[in-house]
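According to TrEMBL, the protein carries these features:
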TRANSMEM  6-25  transmembrane segment
DOMAIN    34-243  domain 'Neurotransmitter-gated ion-channel ligand-binding'
TRANSMEM  245-269  transmembrane segment
DOMAIN    252-334  domain 'Neurotransmitter-gated ion-channel transmembrane'
TRANSMEM  310-329  transmembrane segment
Amino acid sequence: MGTGHYFWAIFYFASLCSASLANNAKVNFREKEKKVLDQILGAGKYDARIRPSGINGTENAPTLVYVNMFLRSISKIDDYKMEYSVQLTFREQWTDERLKFDDIQGRLKYLTLTEANRVWMPDLFFSNEKEGHFHNIIMPNVYIRIFPNGSVLYSIRISLTLACPMNLKLYPLDRQICSLRMASYGWTTNDLVFLWKEGDPVQVVKNLHLPRFTLEKFLTDYCNSKTNTGEYSCLKVDLLFKREFSYYLIQIYIPCCMLVIVSWVSFWLDQGAVPARVSLGVTTLLTMATQTSGINASLPPVSYTKAIDVWTGVCLTFVFGALLEFALVNYASRSGLNKANIHKENMK
């Protein structure tokens, strides 16, 4: 057999060995991933009911949970119900020493789970929530990543309707602060502490569009609460909204000004044109009253006076004053005419 035949035989054998090793490595890698999951989450090896230890495995230290979120959209801000709706991607990250595993020389970056009940989860809840739901189309929008050092990342997409107490004294020239509060339900600060993730804990989608508001800025803060059962960790995000004035300028202020100007047209009508002046005055007065009730129908019945109430009240006063002016002028003219007639009769 020649040298060329030996060369091709060795090359063919080496190719077969390389393919076999590659296939085995691929299969073994996936098998290793399954074994790791069985090793750390197998029956009798991990109990999701037990809270992870604190920093560096300290038993008495609280578990630190770092929180960050991504605001995807803000669909509505309801003045009447004093609430707003938001859709966000919510993330929590903590360390569980029991979930450490071998990363196979960096080839296994993390393990992914879709069942939250497989590992211990913080008992976080939104304290000012009215309604909320998860997203399950096409698959549940949730995942859990377990990293080799025992770090756990939990991410979920949720939609919430949250309470937002508003002060409407300056309406519609007001600014409103709507909060999103998150707290622990059962674990006190001795066992569980929520912290904002360093860097950029809250992100907002670009080109966020709201029909009647503008999101000026947002602030993150802590809001720990003390009750009879202990102190509970709490986080909050304050969203500062500025109301857009252009909508109210077109829908309220300009029509009110036009009604007042129309009511003043009666000043240029002839004094004897009683039907025309009465019709014009009454029509503008009723229209202004309807405009005022329509404005108040979209707002809650608060006990204080709003800026829009002062504006509509002044406009209504001008319209009513124009109608009252005609009545006084008509009465004064008739009274003067009667006095002149009496004086003529007495002269006779």
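Glycine residues also receive a Cβ, built from the backbone N, Cα and C atoms like all the rest.
These figures come from a predicted structure and were not determined experimentally.
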**Request:** Residue list, the transmembrane segment (310-329) vs rest of chain: Cβ under 8 Å, 6 or more residues beyond ends.
**Result:** 252-253, 256-257, 259-260, 263-264, 266-267, 271, 277-278, 281-282, 284-285, 288-289, 291-292, 295
**Asked** Taking all residues of the domain 'Neurotransmitter-gated ion-channel ligand-binding' (34-243) together, what is their mean pLDDT?
**Response** 89
